[in-house]
Amino acid sequence: MAVIVWWLLTVVVVAFHSASAAVVESTWEVEYKYWWPDCKEGIVMAINGQFPGPTIDAVAGDTVIIHVVNKLSTEGVVIHWHGIRQKGTPWADGAAGVTQCPINPGETFTYKFIVDKAGTHFYHGHYGMQRSSGLYGMLIVRSPKERLIYDGEFNLLLSDWWHQSIHAQELALSSRPMRWIGEPQSLLINGRGQFNCSQAAYFNKGGEKDVCTFKENDQCAPQTLRVEPNRVYRLRIASTTALASLNLAVQGHQLVVVEADGNYVAPFTVNDIDVYSGETYSVLLKTNALPSKKYWISVGVRGREPKTPQALTVINYVDATESRPSHPPPVTPIWNDTDRSKSFSKKIFAAKGYPKPPEKSHDQLILLNTQNLYEDYTKWSINNVSLSVPVTPYLGSIRYGLKSAYDLKSPAKKLIMDNYDIMKPPPNPNTTKGSGIYNFAFGIVVDVILQNANVLKGVISEIHPWHIHGHDFWVLGYGEGKFKPGIDEKTFNLKNPPLRNTVVLYPFGWTAIRFVTDNPGVWFFHCHIEPHLHMGMGVVFVEGVDRIGKMEIPDEALGCGLTRKWLMNRGRP
């Protein structure tokens, strides 16, 4: 099994920062590679021949410079730095069609930005469904004065994996009628899973030991994390899944949740943790179990009927005498027990000393999430508009006043839902497509109510983890059924709501968030499930338009569509 030694990682980090001072710089070549993520050969999108991509390790205040070389033969690429607010550098956010053009094959684009706040983050492709192809890695920003006390740490990057290519998946989702891509074949921890092995890569369903086909040095073999007894370890967890909602447990150990999406939270103890796509956590694990044993870290599916085996990693005490854990891994909680999931979400509060939200908001959006049809194509819509991101990036269109590049009519801020039954399929299944924006003045307080509803057929409402670019927001609360304006606001938590950049919208319910428009730019706000975003489930926020018009934006970020023509006519190359 692959072994990670925490103290070695720490030495590397210290040496890196000693040599690099306040600049973390690297050149990344993105290309397809043959790989065995789940013991079955497939094609991954690798960085410098590595899958998952290299970990960025920086200190708050550092400048990160990444030169991305596109070595893909026939497609563009961008990279989004998930959780980094990009204050003053919206062009470096890495959202194709929103903040930049795709990097063409053979070309290089340089991302340069400051990591202004410590936390556990990650990066991933944000063009088409490239995240699902393995274009992702961890991004750790350390605090010069860490408030947590622990002896070592490990990164756990969680993902899901299909044997079908992303191009086939995109075609299936865009077909008429839509062809659903199905559940992932495997779950991965740090790029490793076991598709052709029995449960736990060691046990069959009856609990009897079984033999797997992989060897100890295979790319799919479970990693081993070596620990010493009676120590405290920080597990940095990030979910970059394309579809799956997950649950993580460590056999024989409890977890203390201390960080969520790069923000400290009031510590609380759990036996396992739900992790939705786009979320990150830090948990503290005390190694107080029998040191002669080995223990499983297991990751299973939540929120969808599980048809995918667990992903596994091994906790190995240095004095352990076992060759492998002698017991089956923890059983993932029942997939459709949403009350259990909601109970976990409602335990998350801001740590002491964190800023409280403003008492009142200046504006409110109520975003109704529905599944609809557009000319018989299945789409996801927000307030009856399925987002169609234009070829010309919004940031360039707004910076240079190119008003023909996107729809000037903004989507509805609220739909009249008095007679809309969220518990049933939509009475009118048809929707529209659009590229309009929500335009906010600089420095105002905005509330967003995410409202879930039934899908096109049956009695089903899906989980949607929503992620915002360029911001953190306060999670004010969750509710059942249809949001009641003027009434449900009274239930908002204004005392100690957590700051997040990703929040879950539960089936047949609503979620309320609040943020301040203090970061001039164009920011994506979307469901973090790849198929849902591909099918139109997102909106675009623009704030501080007058300030965007004064920004110095690199021409290379905007060299496509109408901005390309505008820049050429200005006499620039």
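Even glycines carry a Cβ here, placed using N, Cα and C.
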- Pick from H327, H362, H464: which one does Swiss-Prot list with C527, H532, M537 for the same Cu cation 4 site? H464
- Message: Taking Swiss-Prot as the reference, C39 is linked by a disulphide to which residue in C220, C560?
- Response: C220
- Message: Looking at the Cu cation 2 binding annotation from Swiss-Prot, with H124, H528 already listed, which candidate in H82, H163, H167 is the matching residue?
- Response: H82
- Query: To which of H121, H126 does Swiss-Prot also attribute binding of Cu cation 3 at the site defined by H469, H526?
  - Reply: H126
- Message: Spatially, and counting Cα to Cα, which of the disulfide-bonded residues is closest to H464 (Cu cation 4 binding site)? Options: C39, C101, C220, C560.
- Response: C101
- Message: Need the DSSP three-state call for H464 (Cu cation 4 binding site) to compare against my parser.
- Response: strand
- Message: Cβ atoms within 10 Å, counted per site: which of C39, C101 has the most, among these disulfide-bonded residues?
- Response: C101
- Item | Length of the line joining the Cα atoms of C220 (disulfide bond) and C527 (Cu cation 4 binding site), in Å | 29
- Specify the secondary structure state of H532 (Cu cation 4 binding site) as given by DSSP, simplified to three classes. helix
- Query: Applying the rule Cβ within 8 Å of the centroid of the Cβ atoms of H464, C527, H532, M537, what extra residues of the same chain belong around the Cu cation 4 site?
  - Reply: N369, W380, E462, P465, W466, H526, H528, I529, L533, G538
- Near M537 (Cu cation 4 binding site), how many other Cβ atoms are within 10 Å of its Cβ? 24
